[in-house]
């Protein structure tokens, strides 16, 4: 006869305990402890080699990409004039990626992805767009400080989100829209501060053209990113490490061929000897800038590809966000770029925009995984 009463009483006690649990606040110490536990569990799930590769890949993104940007500006600051040469340097290091790709077939026991007409045509198209994109950025670095050019290039995030939504049907949430508005505001601030953000030998028209080419290059970069994702979705159907490297090699190869045609047509290979003679620091410095420019750019690409495969697009976005202020700060220290209050404000706002976008991307990923 007493059993129902006992069940009711036990139920009331459980409800009271649940209310106490809900009312008890989560302290900062608890949050830190949870994060440490999650990090340790994630660490134990992977082998030590995984984390070593991830650290090296992250370092490649954070060091190689800024170094490549600075070397492009060093080329122009020390007497270089050819936009085609800098475009060519960006893709001349494609054999490095091929050298990384070849061993994966043996170690991973996989075979090359067979080429068909659609896949080959997509690689040719992406290669042509990449060649055009590199040329646009070359004009930007010819006329803009490296710190400004890198900040403007962060606008590619806006176009990646927009083209991804239109072409690949990626989801967009409020945080990502907020990021687009914030980064657009940062670009506007730089435009308003053009008077204090210019080298003495750059005319008003050249500065404006550099600004325009940088934005157009960012838009094209966003389009290339969306089309590359579409190739994976529609034609490849998988995203393993060696498949990502294959796409990078093929696109870089065709971009290299298109850019080489442009260099030959513009007769810039013949002009390299005279350019090297007048280059500040001599011919040796001239060729070192070009060689290291090619190497650092490819290392950055490899690092980004590896981070996407080993971790996630969110981590790649975080590293890309950190790369922007790193490039700007390095340009101010090493190249004595002008750094006004407006540019500092723009850099902070850009970083804020990246953070908002990363948060939005992680939220979309969580919803998709449910």
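Glycine residues also receive a Cβ, built from the backbone N, Cα and C atoms like all the rest.
Predicted automatically and left uncurated, TrEMBL annotations should be read as such.
A quick note: this is a predicted structure, and the numbers were derived from the prediction, not measured.
The transmembrane segment annotation in TrEMBL covers 48-65 (among others).
Sequence-remote contacts of a segment are chain residues at least 6 beyond its ends whose Cβ falls under 8 Å from one of its Cβ atoms, and for the transmembrane segment (85-108) they are 68, 72, 75-76, 130-131, 134-135, 137-138, 141-142, 240-242, 245-246, 248-249, 252-253, 255-256, 259-260, 262-263, 268, 272, 275, 290, 293-295, 297-299, 301-302. Residues annotated as transmembrane segment in TrEMBL: 85-108 (among others).
Annotation comment: TrEMBL describes 120-142 (among others) as transmembrane segment. Counting same-chain residues at least six beyond the ends of the transmembrane segment (120-142), those with a Cβ under 8 angstroms from any Cβ of the stretch are 69, 72-73, 76, 81, 83-84, 86-87, 90-91, 149, 152-153, 206, 209-211, 213-214, 216-217, 220-221, 223-224, 227-228, 231, 235, 247, 250-259, 262.
Residues or ranges marked as transmembrane segment in TrEMBL: 148-168 (among others). The list of residues near the transmembrane segment (148-168) in space but at least 6 beyond its ends in sequence, with Cβ under 8 angstroms from a Cβ of it, reads 66, 69, 73, 137, 140-141, 176, 179-180, 183-184, 186-187, 190, 197, 210-211, 214-215, 217-219, 221-223, 225-227, 229-230, 233, 320, 323-324, 327-328, 331, 337, 343, 346-347, 350, 353-354, 357.
TrEMBL lists 175-192 (among others) with the feature transmembrane segment.
For 212-237 (among others), the entry in TrEMBL reads transmembrane segment.
Sequence-distant neighbours of the transmembrane segment (249-266) (same chain, 6+ residues past either end, Cβ-Cβ under 8 Å): 82, 84-85, 87-88, 90-92, 94, 97-98, 101, 123-124, 126-128, 130-131, 134-135, 228, 301. Residues annotated as transmembrane segment in TrEMBL: 249-266 (among others).
Beyond its flanks by at least six residues, the transmembrane segment (286-311) meets 50, 53-54, 56-61, 64-65, 67-68, 71-72, 74-75, 78, 80, 85-86, 89-90, 92-94, 96-97, 100, 239-241, 244-245, 248, 252, 275-276, 279, 319-320 of its own chain at Cβ-Cβ distances under 8 Å. The transmembrane segment feature in TrEMBL is assigned to 286-311 (among others).
Positions annotated as transmembrane segment by TrEMBL: 318-336 (among others). Under 8 Å from some Cβ of the transmembrane segment (318-336) lie the Cβ atoms of residues 58, 61-62, 65-66, 69-70, 73-74, 77, 145-147, 150-151, 153-154, 157, 304, 307, 343, 347, 350-351, 354-355, 358, all in the same chain and six or more residues away from its ends.
TrEMBL lists 342-360 (among others) with the feature transmembrane segment.
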